[in-house]
Amino acid sequence: MVWKRTISAKALEKAKSAAVKVEDKVVFIANIKGTLYAMDAVCSHARCILDQLDEEKLTVKCYCHQALFDLRSGKMLEPPYVAPDAPKEKLGLKTYQIRDNGGWIEVDV
């Protein structure tokens with residue numbers, strides 16, 4: 001495991017979610033009622049950054065073409081599915097372990 005520091009827990013609590021750069025990845029992180037979630041932030045359809053969090057449904061939507069992903073599993077729930085050049089098995093997005101370590105949100109990449 002390689003835990004990488006992202007943003008402060010206080011900042012995430014206030015913002016509820018953020019797309020953060022972690023090494024060579026962009027990761028969407030969220031704090032919903034004290035539970036932390038992390039998944040790839042780049043949509044598998046048109047490579048846009050995910051940004052529309054639905055706290056009640058635990059989903060995040062891509063603003064470009066409205067693809068919808070489950071925050072817990074990374075599974076795509078509503079199409080469009082993938083960019084024409086993307087592998088067909090790449091329907092969902094990778095999820096990551098996430099933790100609060102001394103007031104900092106860390107993601108295991």
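Using the three backbone atoms N, Cα and C, a Cβ is placed for every residue, glycine included.
Marked as domain 'Rieske' by Swiss-Prot: 3-107. The annotation [2Fe-2S] cluster binding site is assigned in Swiss-Prot to Cys43, His45, Cys62, His65 on the grounds of sequence analysis.
The record gives Cys43, His45, Cys62, His65 for [2Fe-2S] cluster. Within 8 Å of the mean position of their Cβ atoms, the other Cβ atoms in that chain belong to Ser44, Ala46, Arg47, Cys48, Leu50, Cys64, Gln66, Ala67, Pro80.
According to DSSP, Cys62 ([2Fe-2S] cluster binding site) is assigned to a strand segment. For Cys43 ([2Fe-2S] cluster binding site), the count of additional Cβ atoms within 10 Å of its Cβ stands at 26 [all protein chains shown]. His65 ([2Fe-2S] cluster binding site) is surrounded by 12 other CB atoms, counting those within 10 A of its CB over all protein chains shown. Cβ neighbour counts within 10 Å, taken over all protein chains shown, single out Cys62 as the most crowded of the binding-site residues His45, Cys62.
Assigned with DSSP, the residues of the domain 'Rieske' (3-107) fall into helix, strand and coil as follows: 7 helix, 53 strand, 45 coil.
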